[in-house]
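Below is one structure; the comments refer to it alone.
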């Protein structure tokens, strides 16, 4: 109505940066839960009668999902690394003409990486679940 435009100059896009950081942290927590469940599934002390490492044959010779467990641990650790904030790494640019710069794109790219890692973690967990289900079916008595 007044003919004036008020612009806050929000080129830093901290709202987007922070939203992506919180999203990555949530993905990390989901990954930690899946890792814990996967660990309990392959551990004979917590899996209610399934063989160690979900081995279908002799558990002392067959370490079926040991490698998968190592991968899930690596994925969970990587999710923790990726959950770190990027907003603390803002640098001055243009000979200090731009004192603060947007980290929104960097944060979004890190979130995409987190989604990829979480997808691999979920895939390994689903593999373990399928193996456990097959072993339970072999144990079933009718």
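Glycine residues also receive a Cβ, built from the backbone N, Cα and C atoms like all the rest.
What you see is a predicted model, and the numbers here were worked out from it, not measured in a lab.
Taken from Swiss-Prot as is:
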type    : residues   : note
BINDING : 66, 94, 97 : (E)-cinnamate binding site
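The Cβ of residue 66 ((E)-cinnamate binding site) has 53 as same-chain neighbours under 8 Å, each 6 or more residues away in sequence. Its own atom aside, the Cβ of residue 94 ((E)-cinnamate binding site) has 8 Cβ atoms within 10 angstroms in the protein chains shown. In this entry, 66, 94, 97 make up the residues listed for (E)-cinnamate, with the farthest two CA atoms of the set 54 Å from each other.
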